[in-house]
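K.L.:
If you scroll down you'll find the structure; I have some questions about it.
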Amino acid sequence: TALSASSVSLIPPTAPESFCCKKFFQLCGLSQKSPKEVKDVFRILDDDHSGFIEEAELKFFLQRFVPGARVLTERETKAFLSAADDDNDGKIGIDGECLYL
């Protein structure tokens, strides 16, 4: 995948409220990935294959890359969703800006 376990390990699994999607994507280099690689990451996160990443899927973001990692807190999940939900429909489409940071 475009993100590796070592990228996710930059976020301590026991540190609630420490996750910042912008910082995470900068540290793991997602902003340097090709559109295909970004779409591959999106497909990993889109667990129900709806074409969107909903809040329930986003909560388990870290676990998609490192089994046993912590779930995002409600506040982290809502902040992540807010950063990428351009049309305020409560979900992130493939064109969500947070995936390109």
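Even glycines carry a Cβ here, placed using N, Cα and C.
What TrEMBL records for Asp46, Asp48, Ser50, Phe52, Glu57, Asp85, Asp87, Asp89 is Ca(2+) 1 binding site. The Ca(2+) 2 binding site annotation in TrEMBL covers Lys91. Residues annotated as domain 'EF-hand' in TrEMBL: 33-68.
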K.L.:
Which residues, sitting 6 or more apart from Glu57 (Ca(2+) 1 binding site) on the same chain, put a CB under 8 Å from its CB?
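P.N.:
Expected: Leu45, Asp46, Asp47, Asp48.
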K.L.:
Give the number of CB atoms, excluding that of Asp89 (Ca(2+) 1 binding site) itself, located within 10 Å of its CB.
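P.N.:
Result for Asp89 (Ca(2+) 1 binding site): 10 neighbouring Cβ atoms inside 10 Å.
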K.L.:
So if I draw a 10 Å sphere around the Cβ of Asp48 (Ca(2+) 1 binding site), how many other Cβ atoms end up inside it?
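P.N.:
Asp48 (Ca(2+) 1 binding site): 10 neighbouring Cβ atoms within 10 Å.
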K.L.:
Give the number of CB atoms, excluding that of Lys91 (Ca(2+) 2 binding site) itself, located within 10 Å of its CB.
P.N.:
20
K.L.:
Cα-Cα separation of Lys91 (Ca(2+) 2 binding site) and Ser50 (Ca(2+) 1 binding site), in Å?
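P.N.:
Distance (Cα to Cα, whole Å): 10 Å.
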K.L.:
By a simple count, how many Cβ atoms lie within 10 Å of the Cβ of Phe52 (Ca(2+) 1 binding site), its own Cβ left out?
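P.N.:
Summing over all protein chains shown, Phe52 (Ca(2+) 1 binding site) has 18 other Cβ atoms within 10 Å.
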